[in-house]
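Step one of this worksheet: look at the structure below.
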């Protein structure tokens, strides 16, 4: 736990030891939380009014920083990432255009509502249950200002749970998730912490915030082509009227996954078992050459409320992104990730970029620029 985090918790414990009434502490905490949400609300309202006044926008990316690092199992440096990513986005060494030609200087493409003041809230003794609620409420405040869509800057990967929860609740149903990571982050309660950055997707699936399967069956990587082939075969029979159309509720013969995890190369038996339990399709790096064509032609979001993209920077090989807490050689190239993002078919309703650790970055900020590039291209994917 960070020094700042320990100081806040110890201060709270001292107040309790001094017999300060719990109601007094709670009222103070509530005031801080209300003030924090008010700042996010007013900034989102201002940016939403601006985008609507300019007109011609269906969806616009809006940055929301969540500088949280204390749920990391190793290093807490990701708490310092949001300002470094913003600095790199607007670095004078590059221009403001995305690869698809969208201009980040246009507020109809990208706005910024600031950061959730995580450390200030924790310094008042607010526990993680309430903190996660504050993060969720902050995301909802952004989404209330149509056409703004949240693009969240982490922070460690524990933030994905409250963000996805907010998106799903606000849209009124589950989403499909594209999750790029070296790790599955689906452990039940890593090291006894239910909010661990290694457990975020277990919380998401338990809450029903991503699409659940009717049957708890995992579709192995080797079966994706069988799903595609069976779909074509059934459709051909339907087209030839050899079988009744209503005999098939859907073209795909095998159940669809609720989460696509790409880039996995550090996974335990529990991670695989949890994947099976929740029906998650896990694409490991050891089979990436075989899976590449499929992953670069994904179509997600049909029958749900849209697509959520979560990018852990350590999905990339450390040659491209050394500034992460958990260095795992043998990862994706940067172009691999962009090909997956650019070719993805689906309505991207929100996204996050997490686990960049500025304390482990190179002197020239190489990983900050990589994280910023991911944000830029996600911005282009969301905005329309």
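Quick reminder: no glycine exception, Cβ is built from N, Cα and C everywhere.
Residues or ranges marked as Mn(2+) binding site in TrEMBL: 157, 181, 183, 185, 312, 314.
Cβ atoms within 8 Å of the centroid of the Cβ atoms of 157, 181, 183, 185, 312, 314 (the Mn(2+) site) belong to the same-chain residues 179, 182, 184, 197, 198, 315, 326, 354, 355, site residues excluded. The Cβ neighbour count for residue 157 (Mn(2+) binding site), using a 10 Å radius and every protein chain shown, is 27.
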